[in-house]
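Peer 1: First the structure, then my questions, so here it is.
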Amino acid sequence: MTDAPELKAFDQRLRDEAAEEPTLEVPQGEPKKKTQVIAIYGKGGIGKSFTLANLSYMMAQIGKRVLLIGCDPKSDTTSLLFGGKACPTIIETSARKKLAGEEVQIGDVCFKRDGVFAMELGGPEVGRGCGGRGIIHGFELLEKLGFHDWDFDYVLLDFLGDVVCGGFGLPIARDMAQKVILVGSNDLQSLYVTNNVCSAVEYFRKLGGNVGVAGLVINKDDGTGEAKAFAEAADIPILATIPADEDLRRKSANYQIVGIPGTQWGPLFEGLAHAVGEAPPIRPKPLSQDGLLDLFTPEAIGADFKLEPATDADMRGKNAAAKKSLEVIYDDA
(Lines of atoms letter the chains of each structure in order from A and count residues from 1; the text may use other names and numbers.)
(Lines give C-alpha, C1' and ligand atoms only; values in the text may rest on other atoms or scores of the structure.)
Protein backbone atom coordinates (compact mmCIF):
# COMPACT_ATOMS: atom_id res chain seq x y z
CA MET A 1 0.00 0.00 0.00
CA THR A 2 1.45 3.38 -0.99
CA ASP A 3 0.95 6.79 0.55
CA ALA A 4 -1.69 9.00 -0.99
CA PRO A 5 -0.20 11.74 -3.22
CA GLU A 6 -1.36 14.50 -0.85
CA LEU A 7 0.46 12.83 2.07
CA LYS A 8 3.66 12.72 0.05
CA ALA A 9 3.26 16.40 -0.79
CA PHE A 10 2.63 17.20 2.86
CA ASP A 11 5.73 15.25 3.90
CA GLN A 12 7.79 17.20 1.38
CA ARG A 13 6.44 20.50 2.71
CA LEU A 14 7.50 19.52 6.22
CA ARG A 15 10.97 18.63 4.96
CA ASP A 16 11.22 21.97 3.16
CA GLU A 17 10.20 23.81 6.32
CA ALA A 18 12.80 21.93 8.36
CA ALA A 19 15.50 23.03 5.91
CA GLU A 20 14.69 26.72 6.38
CA GLU A 21 16.66 28.89 8.77
CA PRO A 22 14.68 29.76 11.94
CA THR A 23 13.07 33.20 11.94
CA LEU A 24 12.04 33.40 15.58
CA GLU A 25 12.65 36.92 16.85
CA VAL A 26 12.77 38.09 20.44
CA PRO A 27 9.97 40.66 20.93
CA GLN A 28 11.22 44.22 21.29
CA GLY A 29 8.13 45.85 22.84
CA GLU A 30 7.53 46.28 26.56
CA PRO A 31 5.67 43.29 28.03
CA LYS A 32 2.23 43.94 29.50
CA LYS A 33 3.30 42.25 32.72
CA LYS A 34 6.65 41.33 34.18
CA THR A 35 6.54 37.59 33.75
CA GLN A 36 9.53 35.63 34.97
CA VAL A 37 10.56 33.21 32.23
CA ILE A 38 12.86 30.62 33.77
CA ALA A 39 14.69 27.86 31.87
CA ILE A 40 15.56 24.72 33.80
CA TYR A 41 18.46 22.57 32.62
CA GLY A 42 19.95 19.31 33.83
CA LYS A 43 21.14 15.89 32.80
CA GLY A 44 18.51 13.52 31.47
CA GLY A 45 17.06 11.46 34.31
CA ILE A 46 18.33 13.77 37.05
CA GLY A 47 14.81 14.71 38.13
CA LYS A 48 13.97 17.95 36.32
CA SER A 49 10.42 16.86 35.58
CA PHE A 50 9.89 15.72 39.18
CA THR A 51 11.26 19.00 40.50
CA LEU A 52 9.28 21.15 38.07
CA ALA A 53 5.97 19.36 38.52
CA ASN A 54 6.13 19.84 42.28
CA LEU A 55 7.56 23.35 42.05
CA SER A 56 4.87 24.54 39.63
CA TYR A 57 2.12 22.93 41.72
CA MET A 58 3.38 24.63 44.89
CA MET A 59 3.66 27.98 43.11
CA ALA A 60 0.01 27.71 42.10
CA GLN A 61 -0.99 26.79 45.65
CA ILE A 62 0.61 29.95 47.04
CA GLY A 63 -1.31 32.10 44.57
CA LYS A 64 0.94 32.39 41.52
CA ARG A 65 -0.12 31.92 37.91
CA VAL A 66 2.22 29.34 36.40
CA LEU A 67 2.75 27.96 32.91
CA LEU A 68 4.93 24.85 32.62
CA ILE A 69 6.30 24.07 29.16
CA GLY A 70 8.10 20.82 28.41
CA CYS A 71 10.87 21.45 25.87
CA ASP A 72 12.29 17.93 25.78
CA PRO A 73 11.59 15.64 22.78
CA LYS A 74 10.72 12.87 25.27
CA SER A 75 7.62 14.95 26.13
CA ASP A 76 7.49 13.69 29.71
CA THR A 77 7.66 16.97 31.64
CA THR A 78 3.94 17.10 32.40
CA SER A 79 3.38 13.38 33.03
CA LEU A 80 3.78 13.64 36.79
CA LEU A 81 1.53 16.69 36.97
CA PHE A 82 -1.25 14.88 35.10
CA GLY A 83 -1.04 11.54 36.88
CA GLY A 84 0.97 9.79 34.17
CA LYS A 85 -1.25 10.89 31.29
CA ALA A 86 0.62 12.20 28.25
CA CYS A 87 -0.35 15.54 26.71
CA PRO A 88 -0.71 15.89 22.94
CA THR A 89 2.35 17.87 21.90
CA ILE A 90 2.33 21.17 20.05
CA ILE A 91 4.47 19.80 17.21
CA GLU A 92 2.30 16.70 16.74
CA THR A 93 -0.95 18.64 17.02
CA SER A 94 0.24 21.31 14.60
CA ALA A 95 1.17 18.72 11.98
CA ARG A 96 -2.17 16.94 12.33
CA LYS A 97 -4.18 20.18 12.19
CA LYS A 98 -2.22 21.45 9.23
CA LEU A 99 -2.93 18.26 7.31
CA ALA A 100 -6.64 18.72 8.05
CA GLY A 101 -6.56 22.40 7.08
CA GLU A 102 -7.38 23.54 10.62
CA GLU A 103 -5.87 26.02 13.06
CA VAL A 104 -4.37 25.00 16.40
CA GLN A 105 -6.40 26.26 19.37
CA ILE A 106 -5.20 26.76 22.95
CA GLY A 107 -7.41 23.95 24.20
CA ASP A 108 -5.75 21.52 21.79
CA VAL A 109 -2.35 21.80 23.45
CA CYS A 110 -2.65 23.44 26.89
CA PHE A 111 -4.13 21.69 29.92
CA LYS A 112 -4.52 22.62 33.58
CA ARG A 113 -4.58 21.16 37.05
CA ASP A 114 -5.33 23.08 40.25
CA GLY A 115 -4.09 26.37 38.83
CA VAL A 116 -1.08 25.05 36.90
CA PHE A 117 -1.21 25.38 33.11
CA ALA A 118 1.02 22.99 31.17
CA MET A 119 1.94 21.96 27.65
CA GLU A 120 4.56 19.96 25.74
CA LEU A 121 6.41 21.25 22.69
CA GLY A 122 7.38 17.74 21.61
CA GLY A 123 9.76 16.89 18.81
CA PRO A 124 10.35 14.63 15.81
CA GLU A 125 10.26 10.86 15.93
CA VAL A 126 13.59 9.11 16.42
CA GLY A 127 15.74 9.38 13.31
CA ARG A 128 13.27 11.64 11.49
CA GLY A 129 14.36 15.16 12.27
CA CYS A 130 16.24 17.62 14.44
CA GLY A 131 15.05 17.94 18.04
CA GLY A 132 16.53 21.42 18.40
CA ARG A 133 14.78 22.66 15.28
CA GLY A 134 11.58 21.17 16.65
CA ILE A 135 12.01 23.35 19.75
CA ILE A 136 12.45 26.44 17.55
CA HIS A 137 9.37 25.53 15.52
CA GLY A 138 7.42 24.96 18.74
CA PHE A 139 8.20 28.45 20.03
CA GLU A 140 7.19 29.95 16.70
CA LEU A 141 3.82 28.24 17.10
CA LEU A 142 3.53 29.57 20.65
CA GLU A 143 4.04 33.09 19.35
CA LYS A 144 1.20 32.57 16.88
CA LEU A 145 -1.01 31.45 19.77
CA GLY A 146 -0.28 34.73 21.58
CA PHE A 147 2.46 33.65 23.98
CA HIS A 148 3.68 37.20 24.66
CA ASP A 149 0.17 38.38 25.60
CA TRP A 150 -0.48 35.69 28.18
CA ASP A 151 -0.81 36.68 31.84
CA PHE A 152 1.45 34.55 34.04
CA ASP A 153 3.71 35.21 37.00
CA TYR A 154 6.07 32.41 35.99
CA VAL A 155 6.77 30.49 32.79
CA LEU A 156 8.94 27.45 33.50
CA LEU A 157 10.77 25.85 30.56
CA ASP A 158 12.05 22.29 31.03
CA PHE A 159 15.07 21.76 28.77
CA LEU A 160 17.34 18.83 28.08
CA GLY A 161 20.85 19.75 29.17
CA ASP A 162 22.89 16.86 27.74
CA VAL A 163 23.18 18.26 24.21
CA VAL A 164 24.82 21.39 22.84
CA CYS A 165 22.41 21.93 19.94
CA GLY A 166 21.50 25.58 19.49
CA GLY A 167 17.77 24.83 19.56
CA PHE A 168 17.97 23.64 23.16
CA GLY A 169 20.10 26.66 24.05
CA LEU A 170 17.53 29.08 22.62
CA PRO A 171 16.50 30.72 25.94
CA ILE A 172 20.15 31.49 26.76
CA ALA A 173 21.30 32.51 23.29
CA ARG A 174 18.34 34.81 22.55
CA ASP A 175 17.52 36.14 26.01
CA MET A 176 14.12 34.42 25.96
CA ALA A 177 14.51 33.67 29.67
CA GLN A 178 15.64 35.98 32.44
CA LYS A 179 17.39 33.25 34.37
CA VAL A 180 18.42 29.62 34.42
CA ILE A 181 17.96 27.05 37.15
CA LEU A 182 20.22 24.00 37.22
CA VAL A 183 19.23 20.59 38.57
CA GLY A 184 22.12 18.34 39.52
CA SER A 185 23.26 15.64 41.88
CA ASN A 186 26.44 14.37 43.53
CA ASP A 187 27.71 12.57 40.44
CA LEU A 188 30.22 13.62 37.83
CA GLN A 189 27.95 13.31 34.78
CA SER A 190 25.19 15.53 36.16
CA LEU A 191 27.69 18.17 37.30
CA TYR A 192 29.42 17.97 33.92
CA VAL A 193 26.10 19.00 32.32
CA THR A 194 25.45 21.79 34.82
CA ASN A 195 28.97 23.10 34.27
CA ASN A 196 28.41 23.08 30.50
CA VAL A 197 25.25 25.15 30.93
CA CYS A 198 27.18 27.59 33.12
CA SER A 199 29.75 27.86 30.33
CA ALA A 200 26.99 28.62 27.81
CA VAL A 201 25.53 31.32 30.06
CA GLU A 202 28.93 32.94 30.55
CA TYR A 203 29.69 32.75 26.81
CA PHE A 204 26.55 34.64 25.86
CA ARG A 205 27.00 37.13 28.70
CA LYS A 206 30.35 38.03 27.15
CA LEU A 207 28.52 38.61 23.86
CA GLY A 208 26.11 41.02 25.53
CA GLY A 209 23.40 38.63 26.72
CA ASN A 210 21.47 39.14 29.94
CA VAL A 211 20.57 35.61 31.06
CA GLY A 212 22.09 34.52 34.37
CA VAL A 213 22.02 31.50 36.65
CA ALA A 214 19.59 31.76 39.57
CA GLY A 215 21.00 28.74 41.34
CA LEU A 216 21.27 24.98 41.70
CA VAL A 217 18.70 22.48 42.94
CA ILE A 218 20.48 19.43 44.34
CA ASN A 219 18.30 16.39 43.71
CA LYS A 220 18.76 12.85 45.05
CA ASP A 221 21.21 14.22 47.60
CA ASP A 222 23.12 11.41 49.33
CA GLY A 223 25.15 13.75 51.52
CA THR A 224 28.52 13.25 49.81
CA GLY A 225 28.78 16.97 49.04
CA GLU A 226 30.09 17.17 45.47
CA ALA A 227 27.14 19.23 44.20
CA LYS A 228 27.49 21.66 47.09
CA ALA A 229 31.21 21.99 46.35
CA PHE A 230 30.42 22.65 42.69
CA ALA A 231 27.96 25.42 43.58
CA GLU A 232 30.56 27.07 45.79
CA ALA A 233 33.27 26.81 43.12
CA ALA A 234 30.95 28.11 40.36
CA ASP A 235 29.75 30.89 42.69
CA ILE A 236 26.05 30.05 42.36
CA PRO A 237 23.55 29.65 45.23
CA ILE A 238 21.85 26.41 46.24
CA LEU A 239 18.09 26.93 45.96
CA ALA A 240 17.04 23.63 47.55
CA THR A 241 18.37 20.23 48.50
CA ILE A 242 16.04 17.32 47.78
CA PRO A 243 17.18 14.16 49.60
CA ALA A 244 17.57 10.70 48.10
CA ASP A 245 14.51 9.41 49.92
CA GLU A 246 12.57 6.21 49.29
CA ASP A 247 9.22 7.93 49.91
CA LEU A 248 9.99 10.53 47.22
CA ARG A 249 11.15 7.85 44.80
CA ARG A 250 8.04 5.74 45.29
CA LYS A 251 5.61 8.65 44.98
CA SER A 252 7.36 9.97 41.89
CA ALA A 253 7.17 6.53 40.28
CA ASN A 254 3.43 6.49 41.03
CA TYR A 255 2.91 9.98 39.52
CA GLN A 256 2.01 11.54 42.86
CA ILE A 257 2.56 15.25 43.55
CA VAL A 258 4.37 15.85 46.85
CA GLY A 259 4.70 19.65 46.68
CA ILE A 260 1.44 20.24 48.55
CA PRO A 261 1.06 22.67 51.48
CA GLY A 262 0.61 20.96 54.85
CA THR A 263 2.28 17.69 53.82
CA GLN A 264 5.66 16.17 54.71
CA TRP A 265 7.42 17.64 51.68
CA GLY A 266 5.37 20.82 51.42
CA PRO A 267 7.84 23.09 53.27
CA LEU A 268 10.71 21.96 51.01
CA PHE A 269 8.93 22.94 47.81
CA GLU A 270 7.38 26.06 49.30
CA GLY A 271 10.89 27.21 50.19
CA LEU A 272 12.03 26.38 46.66
CA ALA A 273 9.12 28.32 45.17
CA HIS A 274 10.06 31.46 47.09
CA ALA A 275 13.78 31.00 46.36
CA VAL A 276 13.16 30.63 42.62
CA GLY A 277 11.11 33.80 42.49
CA GLU A 278 13.54 35.90 44.51
CA ALA A 279 16.92 34.65 43.25
CA PRO A 280 18.63 37.16 40.94
CA PRO A 281 20.31 36.05 37.70
CA ILE A 282 24.07 36.05 38.23
CA ARG A 283 27.13 35.31 36.13
CA PRO A 284 28.50 31.88 37.02
CA LYS A 285 32.15 30.91 37.10
CA PRO A 286 32.37 27.73 35.01
CA LEU A 287 34.99 25.21 36.07
CA SER A 288 37.68 23.74 33.86
CA GLN A 289 37.64 20.00 33.26
CA ASP A 290 40.37 19.53 35.84
CA GLY A 291 38.56 21.80 38.27
CA LEU A 292 35.42 19.70 37.93
CA LEU A 293 37.33 16.46 38.46
CA ASP A 294 39.00 17.91 41.55
CA LEU A 295 35.60 17.92 43.26
CA PHE A 296 35.73 14.13 43.39
CA THR A 297 38.09 11.71 45.11
CA PRO A 298 40.65 10.00 42.83
CA GLU A 299 39.01 6.64 43.56
CA ALA A 300 35.62 7.91 42.33
CA ILE A 301 36.85 9.06 38.93
CA GLY A 302 39.85 6.82 38.21
CA ALA A 303 42.30 9.71 38.42
CA ASP A 304 45.30 7.36 38.70
CA PHE A 305 44.70 6.02 35.20
CA LYS A 306 47.38 6.82 32.64
CA LEU A 307 46.73 7.17 28.91
CA GLU A 308 48.72 4.75 26.76
CA PRO A 309 49.16 5.98 23.17
CA ALA A 310 48.27 3.51 20.41
CA THR A 311 50.67 2.75 17.58
CA ASP A 312 50.15 2.11 13.90
CA ALA A 313 51.02 -1.56 14.50
CA ASP A 314 48.30 -1.75 17.18
CA MET A 315 45.73 -0.46 14.73
CA ARG A 316 46.74 -2.84 11.93
CA GLY A 317 46.69 -5.92 14.14
CA LYS A 318 47.40 -9.06 12.12
CA ASN A 319 47.95 -6.87 9.05
CA ALA A 320 50.91 -5.18 10.69
CA ALA A 321 53.51 -6.58 8.28
CA ALA A 322 56.69 -4.63 7.78
CA LYS A 323 56.33 -2.08 5.03
CA LYS A 324 58.59 -2.45 2.03
CA SER A 325 60.86 0.52 1.69
CA LEU A 326 61.57 2.26 -1.62
CA GLU A 327 64.73 3.81 -0.21
CA VAL A 328 67.82 3.24 -2.38
CA ILE A 329 70.85 2.21 -0.33
CA TYR A 330 74.26 2.60 -2.01
CA ASP A 331 77.32 0.48 -1.24
CA ASP A 332 80.29 2.25 0.23
CA ALA A 333 82.65 3.43 -2.49
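Note: Cβ is positioned from N, Cα and C throughout, glycine not excepted.
Remember, it's a predicted structure, so these values are computed and weren't measured experimentally.
According to Swiss-Prot, the ATP binding site annotation covers Gly45, Ile46, Gly47, Lys48, Ser49, Phe50, Lys74, Asn219, Lys220. Here Swiss-Prot flags Ser49 as Mg(2+) binding site. The [4Fe-4S] cluster binding site annotation in Swiss-Prot covers Cys130, Cys165 and rests on similarity to another entry. Residues or ranges marked as compositional bias 'Basic and acidic residues' in Swiss-Prot: 1-17. Feature annotation from Swiss-Prot assigns region 'Disordered' to 1-30.
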Peer 1: I'd like the number of other C-beta atoms within 10 A of the C-beta of Gly47 (ATP binding site), please.
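Peer 2: Its Cβ shell of radius 10 Å holds 22 other Cβ atoms.
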Peer 1: Judged by the number of other CB atoms within 10 angstroms, which among Lys74, Lys220 is the least packed of the binding-site residues?
Peer 2: Lys74
Peer 1: Reduce the DSSP letter at Lys74 (ATP binding site) to three states and note it down.
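Peer 2: For Lys74 (ATP binding site) - judged by DSSP and reduced to three states - the answer is coil.
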Peer 1: Can you check which residues sit near Ser49 (ATP binding site), meaning Cβ under 8 Å from its Cβ, same chain, 6 or more apart in sequence, and list them in order?
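Peer 2: Once residues fewer than 6 apart are set aside, Ser49 (ATP binding site) is near Gly70, Asp76, Thr77, Thr78, Ser79, Leu80, Asp158.
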Peer 1: What three-state secondary structure does DSSP assign to Lys220 (ATP binding site)?
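Peer 2: DSSP assigns Lys220 (ATP binding site) to strand.
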Peer 1: Helix, strand or coil for Gly45 (ATP binding site)? Use DSSP.
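Peer 2: SS state of Gly45 (ATP binding site) = coil.
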Peer 1: Let me know the largest Cα to Cα distance in Å among the ATP-binding residues Gly45, Ile46, Gly47, Lys48, Ser49, Phe50, Lys74, Asn219, Lys220, as an integer.
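Peer 2: 21 Å is the greatest Cα spacing among the residues binding ATP.
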Peer 1: Around Gly45 (ATP binding site), how many other C-beta atoms are within 10 angstroms of its C-beta?
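Peer 2: Its Cβ has 12 other Cβ atoms within 10 Å.
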